[in-house]
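Presented below is the structure to which this report refers.
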Amino acid sequence: MCKHVEATTTFSAAISSTEQLTHKDKDNSHTVELKEIQKSIEAGEYDPYDFRDVEHPTTNIETLLHLLKGSLGTGILAMPMAFYHSGYVLGLIATAAIGLLCTYCIHMLIKCEYELCKRRKVSYMTYPATAECALQEGPPFLQKLAPYSVHVCNTFLLLYQLGTCCVYTVFIGENVQKVLSEYFDGVDERLIMLAFLLPLIFINYIKNLKLLVPLSSFANVLTVISFGIILYYLIKEDITLEDRKPVGNWRDFPLFFGTVLFALEAIGVIMPLENEMKTPGSFGGSCGVLNIGMFSIITMYVLMGLFGYLAYGSKIEGSISYSLNGEEIPAQVAKILLALTIFISHSLQMYVAIDITWNQYLNIKLEKSRYKTFLRVPHQDFACICLAVAVPYIDLFISLFGALCLSALGLAFPAIIDTSTYWDTLKGVRGILILTKNFFIVIFAVCGLVVGTSTSLEKIVEKFSTSGNSTT
């Protein structure tokens, strides 16, 4: 992939891009800027930001709002349960620390993408392409792994997106079940999940995301209303430190780790957002879009986790919406609105999964198949529904996929990419410090992946054995 990109986007292609830009601006408002770009190219310099031909570029504010929207999902609603596992003091400190580490790793990834784009003379790269190009310039043993890095990244991205869809499916079923159970007896959340299979398949057949914009805007309004109701209940409850643990059981800390990673790391939207910006140089920096967005996200997650745990204590459930008083109408409204919001958002998450599996792998093999259109969506929706029905535990799902996928995508891979990108310059004391820093990030990520994944799977097995014993 990377070699093909390099071959087709040469030095002359960059100059051609400048000429196209010149033709676009008939009012000559950017003549001086284009001349400077032309001079920099002729001098052997290449700035990828000057050649990003985005049809509908987003402003800094729009990008910030997209970043916030991409991070405010089921993860924030699971933060009180995360604090239950960690304790309120350790949870506060650890959430802030993990959030800062995630932000730093995203900065590394964006910086490496920019540097590799300059070297390859391309305007932007995807996450898998960045990984492949970086490894090609790294130490010899990593260069051998470069051809496989695209598939490794795609595998983790696919697992993450499908895992998110599983979480969304469980969330929809559980919230609807808790409302219906107030009026009917014997309502099973598994049957509700199965009932949503066909609607989810139909909405995921929408190929043009622009058609989902009105629904997405509607979902944002519903989210604000739902969060307002949750805030009302948090204020209404007694916020107390009595019977609340400052530090939780260390055996449960991996569950906290996976949940926080799942909640904080919107790694799937970071690079696309930066690539679609009108001024992508504003994304990084000390007061850039990323830092402002991540600071806001970390703050909201800490507050939701802290006050949610202090309000409900050991009674907290996998999502704070489950803990609201089901007999009251406002609580029922919040649950239904959240279920509807997540139903709409499901298509956006599945869109990425379909893009990876279909456009990069299956489309070539099934190009001439008469059933191509029908095969594009259902198998992934069916797999997510089956897994959600089999394991309807949202808190453990979140912890599992957070630890399994985001330890790699959000922490380990950016550190490896950073090391490989600047491998030839890592000399002297500075080089040793950078290598040591990245080494410890990778070790921390691998430990989080192994321990977090194994702990989540162990808890899932315990849930099954407990439920099995209760039915016998």
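Placement of Cβ uses the backbone N, Cα and C atoms for every residue, glycine included.
TrEMBL lists 57-454 with the feature domain 'Amino acid transporter transmembrane'. The transmembrane segment annotation in TrEMBL covers 88-110, 152-171, 191-206, 218-235, 255-273, 285-312, 332-352, 397-417, 438-457.
Packing against the transmembrane segment (152-171) from elsewhere in the chain are residues 73-74, 127-128, 131, 189, 193, 196, 200, 262, 267-268, 319, 338-339, 342-343, 345-346, 349-350, 352-353, 356-357, 360, 380-381, 383-385, 387-388, 392-394, 397-398, 400-401, 404-406, 408-409, 413: each is 6 or more residues past its ends and has a CB under 8 Å from a CB in it.
Here the transmembrane segment (285-312) sits against the transmembrane segment (255-273); at least 3 CB pairs are under 8 Å, leaving out pairs fewer than 6 apart in sequence. Remark: the transmembrane segment (255-273) makes no contact with the transmembrane segment (191-206), by the rule of 3 or more CB pairs under 8 A.
Each of 88-110, 191-206, 332-352, 397-417, 438-457 was scored by its Cβ pairs under 8 Å to the transmembrane segment (218-235), and the highest score goes to 332-352. Of the Cβ pairs linking the transmembrane segment (397-417) with the transmembrane segment (88-110) and spaced 6 or more residues apart, 3 or more are under 8 Å, so the two regions touch. For the transmembrane segment (332-352), the list of distant contacts is 73-74, 77, 157, 161, 164-165, 168-169, 171-172, 175-176, 178-179, 182, 196, 199-200, 203-204, 206, 209, 212, 215-216, 218-219, 222-223, 225-226, 229-230, 268, 321, 324, 326, 377, 380-381, 384: same-chain residues at least six beyond its ends, Cβ to Cβ under 8 Å.
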